[in-house]
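Colleague: Quick one: the structure is below, questions incoming.
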């Protein structure tokens, strides 16, 4: 199996330009490629892992990765399908860009990667040059037919977001001309922008050897965007989403989803993935594929030490069936791995505690879960929506373990 064929086997290729020549380049030569990340937030999500896997595989094959952080394009905003993005301030965009670069370096620390920020060149580009030199090369009808723009025409799209495609195209041309980058990677929702960049390079350069490649969007079995928990996005920043929550998410993945995730989100060799697929069919109760997936991803994003803490947390939560079996040292660990809320109050309403620890998004939702019998304090089911947590509920005079369903846990600390 060639390298390109392996990428297809891993379901990492959705679209590609000039596939025959691109296959030859990736299989037989060494090229420079890039992937862009806009700083619309200060953290990536688990949905970005497919891009990081693709970059790691290409780098392992000997190709040279560039990561472009969009300090400038983040100020404009890629058109969303349903509504206009809220504009970020320059300060926020640049700070987010710095945070993303730090996060990416930590995750990909063993890779030789060149980091660039497009604010460096766009901040030097004046509006007249932009319109005369580049604006004349983009046909409005061509842009209107692009999927991201077409979906917004009925609801309306600002000129600001309409120009995003041009800016991303200029990025590709800038990297192609100044750094010799031949390939742009992106999610399938970026394919229109990628092909616009290829078209711009063709118009501006006498010879064009540029290529585009898109990866499938990661979707759950029900077709929804992968990486969403019940309440929110699963962030890679441990301050926004606990590593244990990420670990649990993948550990509890459905059998019909896990093999594809092993292909798209890990560097586990094909032979091992096929063995795990076989095990999932023959002994699904052992969840060997889910364990391998969760272990690999947590180790990639964080560290072996964090992975060990996740294992230990599972032991503490699921072996201690009775409240009195917990040790005080267990809560030192849980305070680190679970989402916890510490208060100086002597009591707190259960509905408020559920919101504070992100087990629910609102008090109304919290009350509904309580009334349905889905909430426990340690192993005591609570059905009173007006229940008040106080010292009677604590262990070691301050710790209260909250449970929603069988798999969601958080900690309240009454000091």
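Backbone N, Cα and C atoms are what each Cβ position is placed from, and that goes for glycine too.
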Colleague: According to Swiss-Prot, which stretch among 210-214, 215-219, 220-224, 225-229 corresponds to the feature motif ''KMSKS' region'?
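Modeller: Checking Swiss-Prot against the ranges 210-214, 215-219, 220-224, 225-229, the motif ''KMSKS' region' one is 225-229.
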Colleague: Would you please say which range out of 9-18, 19-28, 29-38, 39-48 has the annotation motif ''HIGH' region' in Swiss-Prot?
Modeller: 39-48
Colleague: Find, for the listed binding-site residues 34, 164, the residue with the lowest Cβ contact count at a 10 Å cut-off, counting only other Cβ atoms.
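Modeller: It is 164 that, of the binding-site residues 34, 164, has the fewest other Cβ atoms within 10 Å.
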Colleague: When the motif ''HIGH' region' (39-48) is classified with DSSP, how many of its residues are helical, how many are strand and how many are coil?
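Modeller: Helix, strand, coil within the motif ''HIGH' region' (39-48): 3 helix, 1 strand, 6 coil.
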Colleague: Please spell out the DSSP helix, strand and coil residue counts for the domain 'S4 RNA-binding' (348-414).
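Modeller: Each residue of the domain 'S4 RNA-binding' (348-414) counted once, the result is 19 helix, 23 strand, 25 coil.
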Colleague: Please report the DSSP secondary structure of residue 34 (L-tyrosine binding site), reduced to three states.
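Modeller: Note: residue 34 (L-tyrosine binding site) is in a strand by DSSP.
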Colleague: Restricting to the domain 'S4 RNA-binding' (348-414), what is the model's mean pLDDT?
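Modeller: For the domain 'S4 RNA-binding' (348-414), the model's average pLDDT rounds to 95.
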